[in-house]
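*Asks:* Quick paste from TrEMBL:
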REGION    A:10-39  region 'Disordered'
COMPBIAS  A:30-39  compositional bias 'Polar residues'
DNA_BIND  A:231-293  DNA-binding region
REGION    A:314-343  region 'Disordered'
COMPBIAS  A:314-323  compositional bias 'Low complexity'
Amino acid sequence: MDDQTRMLAGLGGLGGLSQADVGDPDSVRKQQSLGQPQQDIGDILQQIMAITDESLDEAQARKHALNCHRMKPALFSVLCEIKEKTVLSIRGVQEEDPPDPQIMRLDNMLLAEGVSGPEKGGGSAAAAAAAAAAGGSPNDGSIEHSDYRAKLAQIRQIYHAELEKYEQACSEFTNHVMNLLREQSRTRPISPKEIERMVAIIHRKFSSIQMQLKQSTCEAVMILRSRFLDARRKRRNFNKQATEVLNEYFYSHLSNPYPSEEAKEELAKKCGITVSQVSNWFGNKRIRYKKNIGKFQEEANLYAVKTAVDAANASAQASQANSPATPNSGGYPAPCYTPDGRL
DNA sequence: GTGAATGATTGCAT
DNA sequence: ATGCAATCATTCAC
């Protein structure tokens, strides 16, 4: 009520805006002096009440006159200001929204997965990282890799299409509401700030829809990724050449088949596999060899011969008769073979 | 379909 | 952290 009083008082105080000024030519009612606010209010209230008794045409005419009045913009601005100070200020306090951590998380994830960021790099980088984490060999990964990328691109496409749709709907709706409010602002006090706030509310509503989209996109990516990783878990045998390289090292270091970190890296590079795969291979090989030496005898002899021949060739080329690097003291039992290669 | 081979994983010991 | 041993899960040859 205080506000209303102030508002009406303010109205009265606005350069002595009288009923006649507002457009009632035959009215005998006059705006009272500034020194009598009580009387002013009573008078104005009476005027308002009188409107209900008027005919529709009269009211229309009065409205039209009011709209045309030279003081109308000033009057509206005052009303807007009052409205701003009272109703809007109460609601407006908590409207400054801080960045939502949930949406930030989703944004970060979509960016990291290459869904929301620039087209190239992200997705394949994530796939490569996934491949590396799974320890898959690079030569067999290409099919699944491209499959992963294709699926990710599909998700990306859907995501962007939906996002665009929402953004378009949002801007259309915002325009509609803004036009509506601008239209209404001719007949009731609506400040630009109020329109701005309304737009912010609309944007918030739409961004909550966008968050749902982001959430479901993230879920889709996670599912795709877990499927991809599961697929990577599928074992692929190493190629023949890689097995040969590993066996060569194993049997030529039978006394101490424990490659150093550097040797593992070297072998991994040669075989096109990861260091941990080399470690796995040697772990498996050692235990399986130890468990059943007899079974590996033939293989051991084969590689021993190969090593001996290679060494012989090397020494022949270097004209130096150094023996091959197969010291065998205290290690795994060596296979039986003659130095010339006969079993 | 079956069994052997083989890469990966897990739990434990050092 | 590394290696061993057992085991799992998949591939491959038959």
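Every residue gets a Cβ built from N, Cα and C, even glycine.
Keep in mind that what you see is a predicted model, and the values were worked out from it rather than measured.
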*Asks:* Provide the three-state DSSP residue tally for the DNA-binding region (A:231-293): helix first, then strand, then coil.
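*Replies:* The DNA-binding region (A:231-293) comes out at 45 helix, 0 strand, 18 coil.
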*Asks:* Over the DNA-binding region (A:231-293), what is the model's average pLDDT?
*Replies:* 87
